[in-house]
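One structure is given below, encoded as structure tokens.
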Amino acid sequence: MKQLRTPIVSVLGHVDHGKTTLLDKIRRTRVTAKEAGGITQHIGATEIPIDLIKQICKDIWNVKVTIPGLLFIDTPGHKAFTNLRRRGGALADLAILIVDVNEGFKPQTEEAVSILRTFKTPFVVAANKIDRIPGWQSSEYAPFLKSWAQQDDFTKQKLENKIYELIGDLYRFGFSADRFDRIKDFTRTVAIVPISAITGEGIPELLMILVGLAQKYLEENLRLQVEGKAKGTILEVKEEKGLGITCDVILYDGTLKVGDTIAIAGKDDVIVTHVKGILKPRPAKEMRVESKFQSVKSVTAAAGVKLVAPNLEGVLAGSEFEAVESEEDIKNFRERVKKEYEEISIQTDEEGVVLKTDTLGSLEALINELKEIEIPIKKAEVGDVDKRDVVEASANRDELNRVILAFNVKLLPGVEEEAAKYGVRIFKEDIIYTLLDKVKQWREEEKLARERQKIEALVKPAKIKLLKEFIFRRSKPAVVGVKILAGELRKDVRLIKPDGSPAGVVRSMQKEGENVSVAKEGEELAVAIDGVTIGRHLEGDEVLYVDVPERHAKILERDLMDTLSEEAKKAFKEFLEIKRKENPFWGK
Ligand SMILES: Nc1nc2c(ncn2[C@@H]2O[C@H](COP(=O)(O)OP(=O)(O)OP(=O)(O)O)[C@@H](O)[C@H]2O)c(=O)[nH]1
């Protein structure tokens, strides 16, 4: 059987929910059995060999293993997804979503779940800090189920309630989830493992489920890759004393050797260089040795190493690289990178927002998220925001799209002034979730404001009654007391009689000697009506309707009936009947 490579695992979660503590706890685990291999420290990652995992899980172990271990990357979870890619997706093969069980879902937890959904990455939920559940009796490193059996019913119920909340939260994102020991099919249901990163409880099950998932989901992917062409992702470009510019990388495929030629995807073109040195951190016991690194001749995936090579100046974190053997290989790599970039950035609309992000990964994640919430995208690119982006955004017909979304990038000089001039709004954030949230909220507020404006501008229905005992002037204009029977009356609206004939225009309104611009249902006040003479055109006690223009009536009837009072609705229907007596299609 072919050897499988080590799966790469990323830990995601909200600030302070315990990512670092969990990794430390796994790393610091001391296992008594001598035969268990030790933990190997990589650059930017830690490898937990399978023997050690077996030891930690020895009380509950029930899977047949085919993987060599698990490689946990140190890059903060969401960055590992949005910044670090590999061909066709995210760098991490698997993820642990860590949630403080006492606090539940938080903004970054939501961001993490969206990312996992976007990249279709299998994950386990670690419901952390169970030792903080009031009444919880801890036992170091115990499997969760063993610990669970020792708790009293009251404490158990408290944890159960928290777990149900998590199940509900995950459901909102379209995942069915349950506590791991109640799951039959792990490919359909997300496992929630209650743990404590402080006491180590639950860690055995957590690791075992990860191993199980890796083997179930990834076996095909992981096979064969150890012998193939070396492929990896740049974590960081760093200057090292005595070595010059170096790259910390995660090798996710194949075997890389000193002397290999590699092609790295740069911002504008592909950089070709050759590997002069491969460095690993020295094992802890050799820390007294002056150098932090030890040089190796070759390394096999998955692994985190430091590469020494010339021409690394223009290399960006998050870029992919690949070992190449010929000009043909370089050409293919260049074409593939270009195509991938185009595939991601080209799916754009004619009208829509401008999106700028720091890496291809974040671009992909944000495009997916924006599609999900139906925000159109006109332009999506990696890079800082420049004046062309402003022009591009301002050319949108819909104001809602005159927007630039800047994720983890800079605004180049002059951009803000230009945006102010063109009325372009810029949203600049470093957390995907916050960026999306702000844009969504702004759009909703804008839409509401527009709706309000639209309603404001419409002539609204009203039914009024002239008050015979308050006729102040008979004509030019007629001034008479009225009662608003339904709706609201404004200046400058036309009036009609119940037979449909015109009854003048409201020129002004006065209440208790003051001019008013609107009169509400139930109010009594004096109005000046132009174009009629009381006694000739109008009786003293007639009922009149506001003559709503046909276009307004159409909008009201179609979209805005809900904004009218019950009485106004009735009056509006009466008004429509008057109009439709003559023309049945009026306002339709
Ligand atoms: N009681 C208890 N405290 C925990 C547990 N896990 C983490 N903590 C504490 O919670 C705090 C935050 O933990 P971290 O591991 O730093 O959290 P993090 O998610 O890595 O935080 P950032 O790196 O800032 O995103 C620390 O004070 C930990 O000691 C746990 O299982 N039980």
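Cβ atoms here come from the backbone N, Cα and C positions, even for glycine.
TrEMBL does not curate its annotations; it predicts them automatically.
Following the DSSP three-state reduction, the secondary structure of Gly13 (GTP binding site) is strand. Per TrEMBL, the feature GTP binding site maps to 13-20, 74-78, 128-131.
What TrEMBL lists as domain 'Tr-type G' is 4-218.
By the rule that a residue counts when its Cβ sits under 6 Å from some atom of ligand 1, the binding-site residues Asp16, Lys19, Thr75, Ile130 yield Asp16, Lys19. Considering only the binding-site residues Gly13, Asp16, Lys19, Thr75, Ile130, the Cβ with the fewest other Cβ atoms within 10 Å is that of Asp16.
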